[in-house]
Amino acid sequence: MQPLVSLGAQRVLEQADIWPLCLQDTCNSLAIRFEAQYPLAKTNAPRSIPIVAWALLRTFRGAFVTQTANYVLHLTTMVLQPFVAQAMLDYLNHRDNVFGISNGYALVALMAVVSFISITTVNFAGFTGTKAGANARSIVMNVVFQKALRLSSAARQSYTTGEITTLMSVDAERVSACFVVGMWAFIAPVSFVVTVVLIGILYSWVAAIVGATLLVAVIVASLRMAKHMGQLQAQLLSKAEERVRMTSESLQGIRVMKYYAWEDAMAQRIESIRVVEVQLYRKFQFWNMLNSTLLFLTPLLFGGVVLAICVAIKGSLSVTQVFTLIAVVNISRLGVSLFPNAVAAISQARVACIRLDRYLASEELSASVITDDTQQVLDHSKTGEISIRNATFSWGRDGEPSHPADSRVHNNVVESEVEAAPSSPEFQLVNVDLHVKPGSLVVIVGAVGAGKSSLLSAMLGEMHQLDGERSLGGDVSYVGQEAWIRNATVEKNILFEEELEPERYAQVLECTQLAQDLAVLPNGDQTEIGERGINLSGGQKARISMARAVYRSHYDILVMDDPLSAVDAHVAHAMFDQCINGMARNKTRLLVLNGHYDLLPHADQIVVMRAGKIVANGPFDKVVARFPDLKYSRQETAAPQPQPNAIESEEIAGSSHTPTTGAVEATSEDEKAGYESADSVDMAIEQESLGDGKLVEIEDPVVSVVALAYAIGQSVRVLADWWQGYWAQNMARDGSSSTHSNVWFGLWFLGWIVLCCIVTFGRGLLLMEVCIRISTNLHNELLRRVLQAPVNRYFDVTPVGRIINRFSNDLDQVDATLPQQYHNLLQSLAVFMGCLAVCGLASYWIVLTYVPMFFVFIGTGWYFKKSSREIKRLDGITRTPIFNLFGETLTGLSTIRAFRMQSAFARLNKQAIDANGAIYWTYTCAARWLAIRLDWLSVCIITFVSLFVVVSRDHLSPLIAGISITYSLMLTTMVQWVVRAFDMTDNAMTSVERLLHFRTIPAEIDEEDSVSVAGKSWPRAGAIHFDNRQLRYRPELPLALRGVSMTVAGGEKLGICGRTGAGKSSLIVALFRICEIDRASIFALAIIPQDPVLYSGTLRENLDPFHEHDDDAIWSVLRHVHLADAVTTWSSCGLDFAVSEKGGNLSVGQRQLLCIGRALLKKSRVVVLDEATANVDSVTDALIQHTIQHEFQGKTVLIIAHRINTIMHCDKIAVMDAGRVAEFGSPQELLGRSDSIFASLQKRSQQS
């Protein structure tokens, strides 16, 4: 460790400087060890111990044996220290000692050796526990990830992303912390027993028994408080998860929130959760401080009771006996100081393990789905064949297999026949009979919520099969309805862990129409895609997903869930011809369509879904004869009002997307930001300190008051210990009388104890209240600062994951860790300074020895701090890929499982954990490197004090000598705790610094001087006037709008169209003032974005977050968007139906319909639609278009045209080109021009 610390003090550390983990500490080796114990733990674990906890205890039982042996040796040497101290005081008084050593210098040497062994063994025991804790952390992180790959869809819905991430982050850390300090929950009671026995032998068994009773009472009270704290901790975690989930949803839907001016409403919802959370924190910290104070003062209370009883029985005690008693009591001092932390760590770890048990017991997919072995087809003639016979599927497990052995194997993926027991209101596919021949093209159609996506999920095994048979012949490639994009380059997204074949890769880019897009991206296919594809349009994401599916080196079945709805007509037809019916023509293809019904004649087989059933299945002519609407939709394509098509779904700067260039730049900058050196961090902190960004100013009175409270508390503690010696010195003995009675001395001693309890408890509560209030104000201020930040200058360039991390991990540090670390620091520092002051009372020569030690102390701390900060920085850098990968995996589970990529992702996870584990382990080793050296420094202080006592044998009073030796022994491990407390507090303050960085977020421009605030009646007519409007997304980017001028009269409907990048969505951004926001104007506007955004909560809250409308109005809106019947079938809750995170328990089409309903309910005079019906079927689309025309009658409506037929009814058309209005007029007027851009777009759509 020494070479690495030295290197860190000289230069910035790189990841290559850190040595890799030993083989036995790698994630793979640890997983093997844990998996061997986990099945046994399921059957053998006691009911009171969580299964995960029992398995971990069995996995690391060797580490526990080593820890125990070292702690026993440490306790043995701790027992010897009081006897050595007694011998030195006897030597000082010219009396024989228990060791029979008459040479004082020999006693000094003995004290040094005993202290050295005590220090070394306790540090080695801590080292062993830390190593086990780091390995346990790796195991938990890996187990959570592996389970996520096997979670059934129903089980996945029961956990939010935040909850599962908490298991992998917070709970893993708490399990690790338990291994580090948890052993002291057992060592501390042993030290208490040893102390009681010694007191019984040396003083009085009566006093020992009474003292033991007191200790038992304290331990019982502490355990009861710990149990209550554990219950509060569980409530806290639940409330914190709720707040983080709400914050996450708000940030991920920030554009919609700003479109509707919901910032204040959402902030109030989050703050209301925060109020409850803070109340729980206040209760938790009260009991935490009470427990901590009780245990911190236990040695004083215990010693006081024993002293009083001994005096009552024996009449008097010598000064040597009193200070030997204090030294004996101090045997349990370290145990007392660590016992509350150990109890809290065990309590928190137990809660974490219970949560892990519940998670690991969650429902899994059948083995045929979660296996990732290459599928082997027994009958090669059936490769690509799909067969489902009389099967029923459910999203919830409604039945159990009645004939588990009755398995009908056809080829590779076969479910055994089971009996159905449908009793839940979960959506089901009923009596599904479907046979797909190898190499055929099957198109699946149906209304919104009919079960099209569910049918594909059932084929892939994502739904529970209640009865019937299911078989798939061969490997599957899958394109989801919501494109899954990884935070990597375009090339890596397409390759998906496969080798690059240049010719095949180029062919895939051409057939998926990506080649032209890559040409305009800054770095082509090496462009980094932001999180969730933030810097790509919906069409681009869909085509990348399609490219990933068809690039796969071997697949037999291509499953596509409506990928064509996100692209315009000519792109859709090109993809269909060149990709689906071209490059993949020999594969079995299943394609869901919500539009583009003109493609239906090309299908070999058409499946029509309705209410979870297949109501038609056959060739086109047969199906159309039964459902003429399909033919009508096809014929409509060739009519003057053409088939819906999306001219610009793949635009780069959309109203629901961000500018590509800016976002890409932000992503690359974000990657670089992770590698900033500590010097740059220090510079940022220094600049923050110079401004008004400090959490608390150093001259703030509250800081002085808290520091004074801790100083007073320690002073009272020292006076209480000194009073015991003073009492002994003035006791009546050998016929001599005392100036005061023992009762008088005892009452004064009791007063000192009571005062010490009050001050110690009061200072802790004062610090906790200060920290809680600061944390509360900080959260509320920064939350509103973030929600009010401009989209273009902040959210477009800042990953949402980074912001969420600030409001989760960093805020948890400020809420829970920082107050405790401040308390530990101030308390340890007060005890340390008190010890040095008392030791210095013996002579100024001892004070002089502090001078060189002070420089060594500071030098070692500085030497360590540079390396520590560098390693901590590397820890943060290597930790991020773990959670990035985990987040991507959770959102892409269906794709990963369809591709059988579970092993590949599990391997990537283990590699990421090992990379971070090496840094994490190095950091803990560095902390132990510091601890052992500083503890050895305390041995030097003990040796100097002992040496001075021996040298000053005839000049030093027994009272001063006794209290000096006693307090020097208290320095054992105290130096370490002070510096470690400084370091841990400094690390926790890093979270504060990151949160305070939010104060530098640019504020939205409020143009109150140029725009009058008109209230809710604005706008009266709904007229819109653009006068030479210019817009750029950020100062460094070129203009997106270049002098737009046009007027839309109130009540008119304006269709906006244009080629890719023409500036259509930028026009909407300008209207909503996303770049230069004006809150009064936005309140009266409504938008229906292309990407539907819903929040967790009730259906009513999603439609009416301000509670401005009654239930009748809401039901009326639901009927208008054709969802009323569906809502009544979802559950008996009606409008209180619980919408899950991001609307995950609804189909994409249903989410979009709810967004339309939200706009209808708002009754805005100006409404903007950004391809609001892209994810609904043509029949529902026609109904919705009719609803929009009817319900928005008299409203000013702006429609971004991805499909030309949606704007043919508009009063005016605005054709955008290069950021300008190239054409403006009625559809008939523009179609009549021979050189019209609009006419050419309409002609192209007809040809498609």
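Heads up, the Cβ atoms here are built off N, Cα and C, so glycines get one too.
According to TrEMBL, the protein has these features:
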- 71-92: transmembrane segment (TRANSMEM)
- 77-348: domain 'ABC transmembrane type-1' (DOMAIN)
- 104-127: transmembrane segment (TRANSMEM)
- 177-199: transmembrane segment (TRANSMEM)
- 205-223: transmembrane segment (TRANSMEM)
- 294-317: transmembrane segment (TRANSMEM)
- 323-346: transmembrane segment (TRANSMEM)
- 413-636: domain 'ABC transporter' (DOMAIN)
- 634-671: region 'Disordered' (REGION)
- 635-646: compositional bias 'Polar residues' (COMPBIAS)
- 705-987: domain 'ABC transmembrane type-1' (DOMAIN)
- 743-766: transmembrane segment (TRANSMEM)
- 831-864: transmembrane segment (TRANSMEM)
- 936-953: transmembrane segment (TRANSMEM)
- 959-979: transmembrane segment (TRANSMEM)
- 1024-1243: domain 'ABC transporter' (DOMAIN)
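Against the transmembrane segment (743-766), stretch 294-317 shows more Cβ pairs under 8 Å than any other of 104-127, 205-223, 294-317, 323-346. Between the transmembrane segment (936-953) and the transmembrane segment (104-127), the number of CB pairs under 8 angstroms, six or more residues apart, is three or more, so the stretches are in contact. Confidence across the domain 'ABC transporter' (413-636), taken as the mean pLDDT and rounded to a whole number, stands at 82. Comparing 71-92, 104-127, 205-223, 831-864 for CB pairs under 8 angstroms to the transmembrane segment (177-199), the maximum falls on 205-223. Within the same chain, residues 189, 192-193, 195-197, 199, 291, 294-295, 298, 301-302, 305-306, 309-310, 313, 339-340, 343 sit at least 6 positions outside the transmembrane segment (205-223) and bring their C-beta atoms closer than 8 Å to a C-beta of that stretch. Outside the transmembrane segment (104-127) by six or more residues, the chain places 66-67, 70-71, 73-74, 77-78, 80-81, 84-85, 87-88, 91, 97, 180, 183, 334, 925, 928, 931-932, 935-936, 938-939, 942-943, 946-947, 950, 953, 969, 972-973 with a CB less than 8 A from a CB of the stretch.
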